[in-house]
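Feature annotation from Swiss-Prot assigns topological domain 'Cytoplasmic' to 1-13, 74-148, 213-714. As annotated by Swiss-Prot, transmembrane segment applies to 14-34, 53-73, 149-169, 192-212. Here Swiss-Prot flags 35-52, 170-191 as topological domain 'Extracellular'. The phosphotyrosine annotation in Swiss-Prot covers Tyr91. Under the heading active site, S-palmitoyl cysteine intermediate, Swiss-Prot lists Cys134, citing similarity to another entry as support. The phosphothreonine feature in Swiss-Prot is assigned to Thr303, Thr348, Thr436 (among others); the stated evidence is similarity to another entry. The phosphoserine annotation in Swiss-Prot covers Ser345, Ser380, Ser398, Ser425, Ser529, Ser554, Ser620, Ser693 (among others). The annotation compositional bias 'Low complexity' is assigned in Swiss-Prot to 359-373, 422-432. Residues or ranges marked as compositional bias 'Polar residues' in Swiss-Prot: 388-398, 445-478, 667-678. Under the heading compositional bias 'Pro residues', Swiss-Prot lists 683-692.
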Amino acid sequence: MPAESAKRFKPSKYVPVSAAAIFLVGATTLFFAFTCPGLSLSVSPAVPVYNAVVFLFVLANFSMATFMDPGVFPRAEEDEDKEDDFRAPLYKTVEIKGIQVRMKWCATCRFYRPPRCSHCSVCDNCVEEFDHHCPWVNNCIGRRNYRYFFLFLLSLTAHITGVFGFGLLYVLYHMEELSGVRTAVTMAVMCVAGLFFIPVAGLTGFHVVLVARGRTTNEQVTGKFRGGVNPFTNGCCNNVSRVLCSSPAPRYLGRPKKEKTIVIRPPFLRPEVSDGQITVKIMDNGIQGELRRTKSKGSLEVTESQSADAEPPPPPKPDLSRYTGLRTHLSLATNEESSLLGKDSPPTPTMYKYRPGYSSSSASAAMPHSSSAKLSRGDSLKEPPSIAESSRQPSYRSEPSLEPESFRSPTLGKGFPFDPLSSGSRSSSLKSAQGTGFELGPLQSIRSEGTTSTSYKSLANQTRNGSLSYDSLLTPSDSPDFESVQAGPEPEPPLGYTSPFLSARLAQQREAERHPRLAPGGPAPREPSPVRYDNLSRHIVASLQEREKLLRQSPPPGREEEPGLGDSGVQCTPGSGHAPRTSSSSDDSKRSPLGKTPLARPVAPRFGKPDGLRGRGLASPEPGLPAPYLGRSVSYSSQKAPPGVPETEEVALQPLLTPKDEVQLKTAYSKSNGQPKSIGSAPPGPGQPPLSSPTRGGVKKVSGVGGTTYEISV
C-alpha cells in the first residue's frame, strides 16, 4: 500500500471518532430502551419525544462537523509558485481596520496564508479561519464547519444533561426496584453521561466565550491578540449571529471548472507557408502593382537564410511536370533551352539576389534566366506614352534612381551600368549557342530599334527575372510576340534616343538587309558593335559631337553610302549570323604593335561602323579584296542563314585595328545616345551624303575638356 494511502487510513485517526460515536449512540439507545418507557408512564409521554429530537439534532451536527469541508485552501500549482521567489520574506503585513496583521508564507501550500488561516498538521492543509483539529469528529474545525461543531457541542451538552437528568428521575421513581434490570441500566447510562458531561460542558462554555468575543481557538491559545485589539470582532451579538445565522462560506476544493478553449495567435508567430499562390504587393519608384506567383515554402526559407555576401545558387531547371502550361511555350525554344541548360548561367548580382523573379504571366514566373527571358516578353509590346516619360518613370522592378531629375544624364538605361567590353566574350558564347533558336520566321526590315515600341520598356522588362543577366541585357526583345509586331507600320523614332542594347534577332535582320548575299565559299565580313557613351561625361560627348559636325560638313566625293548602311544603332552580337565577337580591353589594343599579324594576336574591334562607313585604316583590308581566312572562331558555332540566303561558313575576320582606328569608330557613333538628332533612325536620302564617311586615311588629334586628347581618323 502506498505511503500516502497508509497515512490516510491510519486506525489511530478513527479511534476517537469511533469511540465518541459508540458512546453517543450506545448510551442513547440504552436510554431509549430501558428508561424512556417508564418515564412516559410515570412522568410524561413528552420525555421520550424531547430526548429523541435532541438526539437527532446531535447526530446531525456531529455528522456535519465530521464530513463537511472546513474551508481548505487548494495548494498552489508549480506555475503559480514560480512567481514567488524562495528568497521572499517569511511574513507579509496587511492592514485590517487600522491594525497590522501578518500573513505567513506556507512552505507546504506555497502561498501566503490569509489572515486567521493556519496550516493543520494533521490534515496537512491550510484551513480558512482555522479553529482547531478535533479528533472526536476526525476533522479540522474551520470557517465552513465551525457552526455545526458549535451546535454539536450545545446539543450534546443538552442531550447529556437530559439523559442524566431523566435517568436520575427514573431511579427516584423506582427506588423499590434498584436491583432490577431497568434501574441498573439506567444507572449505567447516567454514569457514562456524567463522565462526558464535564469535558463537553467545559468545551461548550469555552466556545461560547470565543464566539461571543469573535475569536478562534487557535487565536486564543497562541495569544495572538492578547493585550491588543482584535480586528475581527464585531460585538457579542454580531459575532454570535455571524456564527449561527450567516450564509455558508464558499468551498474552494472540488469546484467544477468550466474549461474554455481559446485560440491564441501571438503576433510573433508566422503563418505556415503553403505551396499555393502568394500575392505580393510591391511599391517601387511610386508605381504599385500586385503580382501573383507560385512559390514553395522551401524556396522562401532558402532565400531568407542566405546572407548578402553569399553567392547565389545556379538557377534551377524548369519542372515541366509541375508547370504543365509551359510545355507549349517551351516547344518554341527547344534549341536554346537544350544548349543553355547544359551550361552554368552567369551569377546573379548581389543587389538583385533577394528580388523574386516575376514575369508578365503567372505561368512563366518560375522559369530561370534563359527561359523567362524568352517566354515573358508580353509586357514589352505595350507602348509607353513617350520615351521621355518612360525615362523619367523607370521600371517598377528596376533599382530606384537616387539622382535628382535635373542632374540625370540624357542617356537612357543608366540605371543598370553594363560594360559590354568585359562581358562580351561570355555573352557572345551564350548568344551564339542560341542563334539557331531565333530563326523562326522570315526576317523583317527594321530601320532602328528606336522605331519600335520596345525601345526602353523592353529593356526594363528584362529585370523582372530578378537580375541583370547577360542574356537579358543583350536580348531585350526576342519573344515570338515581338516578331509579330515588326511586320506592322513603323512609326517615326523619337529624337535624341537610340537604345544602347539591341537583340540578336534585330542584328540578324539588319545584317541581312545591309550586306548582299555572299557566295557559299566566301568569308563573312565582320560587323562591329555600336558605341555606348553612358560612362563618358557630357563635355567629352559634346567635344565628340562637334567633331562629328565637322566630318558631316566636309563629306568625301568618293564612296557613297548604300541606303541600308545608315543605321548607326546596330550592335553586332554573336548571334547575328556574321562575324563572331571577341572582346579585348583597350589596354591590350594599345599595347599591341602594328607589326603583329592577326594570327599571332587577333585583336577585334569592340566598336565600329558598317563596312560602308568604316575608314580604311592601316590594317583594314580593301573593300574589293576578300578578307584573309583566319580560321573558325573557337567560342562560337556556325548557324544557318535566314531563309532565302545561302548558307555561309562563318569565319573569324579579325583585322588589326590600331587605337586610332578605335577612336575613329567611337567618333562615328558619338551621337547614339541622348542627342538632338539620331543618325541611325533612317537611311539617308539619295542626294544626302553619308553622315560619317571618312575623308582620308590621316589621323587628327582633338583636345577635349579636361586635357583629354582624342585621335580621330579622318
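Every residue gets a Cβ built from N, Cα and C, even glycine.
Residues belonging to the topological domain 'Extracellular' (35-52) score a mean pLDDT of 90 in the model. Using a Cβ-Cβ cut-off under 8 Å and counting only residues 6 or more beyond its ends in the same chain, the topological domain 'Extracellular' (35-52) has close neighbours at 28, 159, 162-163, 166-167, 169-170, 173-174, 182, 185-186, 189. Using a Cβ-Cβ cut-off under 8 Å and counting only residues 6 or more beyond its ends in the same chain, the topological domain 'Extracellular' (170-191) has close neighbours at 27, 30-31, 33-35, 38-39, 42-43, 163-164.
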